[in-house]
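J.: Here's the feature list from Swiss-Prot:
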type: ACT_SITE; residues: HIS189; note: active site, tele-phosphohistidine intermediate
type: ACT_SITE; residues: CYS502; note: active site, proton donor
type: BINDING; residues: ARG296, ARG332, ASN454, ASP455, ARG465; note: phosphoenolpyruvate binding site
type: BINDING; residues: GLU431, ASP455; note: Mg(2+) binding site
Amino acid sequence: MISGILASPGIAFGKALVLKEEKIVLDTQKITDDQIDAEVARFYEGRNAAVEQLNSIRERALISLGEEKAAIFEGHLMILEDEELEEEILDYLRSNKVNAGVAASKILDQQVTMLSEIDDEYLKERAGDIRDIANRLVKNILGMYIVDLGDIQEESILVAYDLTPSETAQLNLEKVLGVVTDIGGRTSHTSIMARSLELPAIVGTNKVTKLVNTGDYLILDAINNQVYINPTASQIDELKALEAKISEEKAELAKLKDLPAITLDGHKVDVVANIGTIRDCDGAERNGAEGIGLYRTEFLFMDREQLPTEEEQFIAYKQVVEAMNGRLTVIRTMDIGGDKELSYLDLPKEMNPFLGWRAIRIALDRREILNAQLRAVLRASAFGKLAVMFPMIISVEEIRELKAVIETLKAELREEGRLFDNNIQVGVMVETPSAAVNAKFLAKEVDFFSIGTNDLTQYTLAVDRGNEFISHLYNPMHPSVLGLIKQVIDASHAEGKWTGMCGELAGDERATLLLLGMGLDEFSMSAISVPRIKKLIRNVNFQDAKVLADTALQKPTAAEIDQLIEEFLLENSLN
C-alpha cells in the first residue's frame with residue numbers, strides 16, 4: 001500500500017496499465033556539411049507531425065474539457081511553432097553539426113532545466129509542459145510511435161511516471177478508471193484536468209511505477225489517499241463497502257440539489273461554488289450550487305503567451321453568466337503574483353512575493369490590464385446577474401480609486417452604445433488583516449465582502465503554510481482569525497451589506513455551524529462540497545449555531561474551540 005498527493009477524489013478498482021516510456025536513443029555522432037540540409041528537413045517534418053497531433057488533441061480537449069483547458073494546447077502549439085525556438089534549434093544543429101533530434105533535445109532540455117531550478121512551484125510544474133513538447137517533437141523527428149491514450153480498449157487504472165497535459169486530454173474516459181503517478185502536485189495540469197474530468201487520481205507517489213506491473217490488480221482509494229497493490233480479499237471487501245457507502249451518501253445528497261440552504265428555524269444562507277473555467281459550471285449545477293461565489297479569472301491569463309484581449313475575456317465571462325441562468329456570479333479580478341506568475345508579464349523576483357507586487361497592486365499599476373478586464377466584466381453583466389470583487393485590498397483609498405475607474409469605463413461603454421448593468425455590485429476580498437480591521441470603513445464603500453481565509457490566516461498568524469517546519473501553526477480556527485472574521489461580518493451587517501467566504505474554511509464541515517452562527521451570509525466552496533454543507537445547514541437551528549459561535553469566540557485556544565464544536569456535533573447527532 002502506498003500513498004501520495006490526493007489530486008482528485010473517488011475510488012476505482014481495476015487492472016493496472018503501466019505506461020512505459022519508449023526510451024529515446026539519440027545518435028550523437030557528428031554530421032557532415034552535406035547532411036545539414038537533410039537534418040533541417042527532418043526537423044521540419046517532425047515538427048509538422050507534432051503540430052498536427054497537438055491540433056487533434058486540442059480539438060478533442062475542446063469537446064471533452066472545454067475551451068479553457070483546450071487553451072493549454074494552444075500554448076503548446078505556440079511554443080512548438082515559436083520562431084525563436086526554431087532558430088535556436090537550427091543554429092545549434094548547424095554550428096555543432098548534430099542531427100535534428102539531438103539539437104531539439106538539447107535546446108528544450110535547457111529550458112526544462114531552467115524552469116525546474118526556479119524557486120517557484122507554478123513555474124516548476126510548467127517544466128512538465130516543456131518536457132511534454134520536447135518528447136513529442138523529438139519522437140516525431142526520430143519517427144517513433146507515440147501512444148494514443150484515447151485508444152485504450154480495456155478498463156484500466158493508468159500508472160505512469162507522469163501524465164502530461166496532452167496525454168490526460170486524450171484519455172478514453174469509458175475505459176480509464178483512475179490515474180496514479182510518480183510525480184506531480186495538486187496544482188499540476190494533470191491534477192486540475194483530473195478534477196475537471198471527475199477522474200480519481202493520486203499523484204506524487206514517488207515509486208508507483210517501480211512497484212506496479214501491467215495486469216496487477218489495484219484499488220485506487222482517492223478518498224483516504226491510498227493505493228492498494230494486489231489487495232487481499234478483505235481489503236477489497238472493505239473498500240467495496242466504502243464505495244457503496246459513498247454512493248449511498250451521494251444519492252441522498254443529490255436529493256438536496258434543488259433545495260435551499262435554510263436552517264430548521266428558517267434562517268436562509270447561500271451555498272455557492274468556486275470555479276476557474278466555464279467547464280466547472282457543470283459541477284456547480286450538478287451539485288446544487290446556488291450561484292458562483294468566486295470565479296477565479298486568473299486561469300484565463302495562464303498557459304498562454306500574451307494577455308487575453310477584452311473580447312476573449314468578455315466571451316468567457318458571458319458564457320459563465322449565461323450558464324448560471326439568473327443566479328449570481330461573483331467575478332474576482334486577476335489575482336496574479338505570489339505563487340502565480342505569468343511568463344509574459346515580467347514580474348520582478350521578490351524576496352516576499354506574497355507581500356509584494358501582486359493582484360490589485362499590479363492592476364492599479366498596469367491600467368491597460370485593469371481596464372480591459374473591467375470593460376469585459378461590465379459588458380458581460382448585461383447577460384445575467386453579475387458582481388465584481390477585488391483581491392488583496394488593504395485600504396479605503398484603493399477601493400475609491402477602483403470605483404472611479406469603473407465609473408469612467410461605464411461612461412466609455414455608454415458612449416459606445418454598449419449595454420451593461422449600471423447597478424453591478426462591487427465588493428472586496430477581505431484577506432489581509434488591514435482590510436479586516438478596517439472593515440467598518442470599507443463597508444461604507446462597497447456592496448459586499450468575501451473573506452479569503454487562506455491568505456487571511458497566513459497573514460494574521462505570520463505563517464507560510466507551504467513551509468513544512470511551521471505549517472502546523474497554520475490554523476484558520478485560531479481565535480485571532482475567527483475574531484477578525486466576526487468583525488468583518490458584523491461591520492457589513494451594520495451597513496446593511498452581506499458577507500461571503502470563499503476560502504477553504506467555507507467548505508470545512510467542522511467550521512460550518514460556527515460560521516453560520518457568526519452570521520456568514522454566503523458559503524463558497526469546491527462544487528463537490530456543496531451538498532454536504534447544505535445538508536448540515538438544513539439540519540440545525542440557527543439560534544443553536546449562534547450560541548455555539550458566541551461561546552467559541554470566548555475561548556482562548558483553537559483546541560478548546562475544536563472541542564466545543566465536537567461536543568455540539570455529537571449532542572445534535574450531526575457527526
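Cβ atoms are placed via backbone N, Cα and C, with glycine included.
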J.: Might you list, by sequence position, any residue in that chain lying six or more from ARG332 (phosphoenolpyruvate binding site) with a Cβ less than 8 Å away from its Cβ?
T.: LEU294, TYR295, ARG296, THR297, VAL388, MET389, PHE390, PRO391, MET429, SER450
J.: Measuring Cα to Cα, how far is GLU431 (Mg(2+) binding site) from ASP455 (phosphoenolpyruvate binding site) in Å?
T.: 5
J.: Using DSSP, would you call ARG332 (phosphoenolpyruvate binding site) helix, strand or coil?
T.: strand
J.: Round to the nearest Å and give the CA-to-CA distance linking ASP455 (phosphoenolpyruvate binding site) with the residue listed as 'active site, proton donor'.
T.: 11
J.: Applying a 10 Å Cβ distance cut-off over all chains shown, what neighbour count does ASN454 (phosphoenolpyruvate binding site) have?
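T.: For ASN454 (phosphoenolpyruvate binding site), the count of other Cβ atoms within 10 Å is 16.
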J.: Work through the recorded positions one by one (GLU431, ASP455, CYS502) and point out the residue whose CB has the fewest other CB atoms within 10 angstroms.
T.: ASP455
J.: Could you state the whole-number distance in Å separating the C-alpha atoms of CYS502 (active site, proton donor) and ASN454 (phosphoenolpyruvate binding site)?
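T.: Pair distance, Cα basis, whole Å: 9 Å.
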J.: Mind giving me a neighbour count for ARG296 (phosphoenolpyruvate binding site)? Other Cβ atoms within 10 Å of its Cβ, every protein chain shown.
T.: 18
J.: Using DSSP with the three-state reduction, classify the residue listed as 'active site, proton donor' as helix, strand or coil.
T.: coil
J.: Three-state secondary structure of ASP455 (phosphoenolpyruvate binding site) from DSSP?
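T.: Going by the DSSP assignment, ASP455 (phosphoenolpyruvate binding site) falls within a helical segment, counted as helix.
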J.: Look up GLU431 (Mg(2+) binding site) in the DSSP assignment and report helix, strand or coil.
T.: coil
